[in-house]
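Let me begin by presenting the structure, written as C-alpha cells, before commenting on it.
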Amino acid sequence: MKITTWNVNSLTARLQHVLDWLAANPVDVLCLQELKLTEDKFPLMELQAAGYAHCAVFGQKTYNGVAILSRTELRDVVRNITHYPDESSRVITATVDGPEGPVRVVNGYFVNGQAPGSEKFAYKMAWLGGLNQYVGEELKAHPRLVLLGDFNIAPEDRDSFDPVGLKDTIHHTKEEREHFQGLIRLGLCDSFRLFEQPEKSFSWWDYRMLGYQKNRGLRIDHVLVSDALRPQVKGCAIDRTPRKWKQPSDHAPVTVEI
DNA sequence: ATGGCGGAAGCATTCCGA
C-alpha cells in the first residue's frame, strides 16, 4: 500500500492540484497538512468522487489543519495529541488496513518555530516533547505505526541546500535535531534513508529567490516507520512534479510504499 | 541588511510560513 504526505498550503487554493496528482498517483492514503480551512469547508464531495470515500479532518480557520484521506475505512480517529494543550490543529491519527495488517497513521503539521530563542521556538520544543510522549504511547498500542507529515526539521546537514550558511538557524538547530532523534529512539526510522536517493533531495523550496529553480530547498517532510513495519517497506520517494505546476504548494508530496 | 512569494482575512495592510 502507498501512503503519501503533502503540505498543500491551503486545500482551497490547491484542490485542483490534489485532484490532478491523485489521478496520476492513486495512492491508498493521502495525509494533508496546512488545510487552512474548517471541517465544514472541507471539499468532501470532490475527494470522495476521486475515490477517497473516507476522510478524517481536523480543521482550523486560516492556519494549520490536517486530514487523512483513504480509499478504505479509517478507524479509531484521534484529533490532537494528548499531554499537550495545543490550541492549533496539528495532528490527526487513524488506523487503516494494509495487506499485511492494520497500520496506525499519525499525520502531523509540526510547529515551525520561527527562530531559535523566540517564544515560538520554545513552543516548538514543548510541543515536540508532547508529541514524543504521544507517539510513544501510540506505538505501545499499535506496533505497526507510521509517523509522517511536515516535521519542520532538516534532520541532517545533507537535508539542507546550505548547511553551513544556515547552521543553527530554524530547522537546523541541535535542539530540533535532538527531538527528531528522540522520535527515532522510540523505535522509528526515516524510511527515505532506507533507500538510495539522489543527492540534494529536498521536499520544500522557498517561493522567493527562485528557490525551486535553483534547488535551494530543505528536506523537512518525512515518513517515519516503526521497527515492526521496517522489513516490509518497499520504497520512499519525493515527487517534485507538482512543484513545477502553476501556483504550486511550496512542499512536494512524499510517498512510502509498504 | 533586508526582502524577495504566496495565502487568508478583508479591502489596506498585516500576519504567518520556512
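Every residue gets a Cβ built from N, Cα and C, even glycine.
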One of A:N7, A:N107, A:N215 listed by TrEMBL as binding Mg(2+) at the site of A:E34, A:D150, A:N152, A:D250, A:H251:
A:N7
Inter-residue C-alpha distance, A:D150 (Mg(2+) binding site) and A:D221 (site 'Important for catalytic activity') (nearest angstrom):
4
Considering the recorded positions A:E34, A:D150, A:D221, A:D250, which residue's Cβ sits among the greatest number of other Cβ atoms within 10 Å?
A:D150
Taking the centroid of the Cβ atoms of A:N7, A:E34, A:D150, A:N152, A:D250, A:H251 as the Mg(2+) site, which other residues of that chain lie with their Cβ within 8 Å of it, listed in sequence order?
A:N9, A:Q33, A:Y109, A:W204, A:I220, A:D221, A:S249
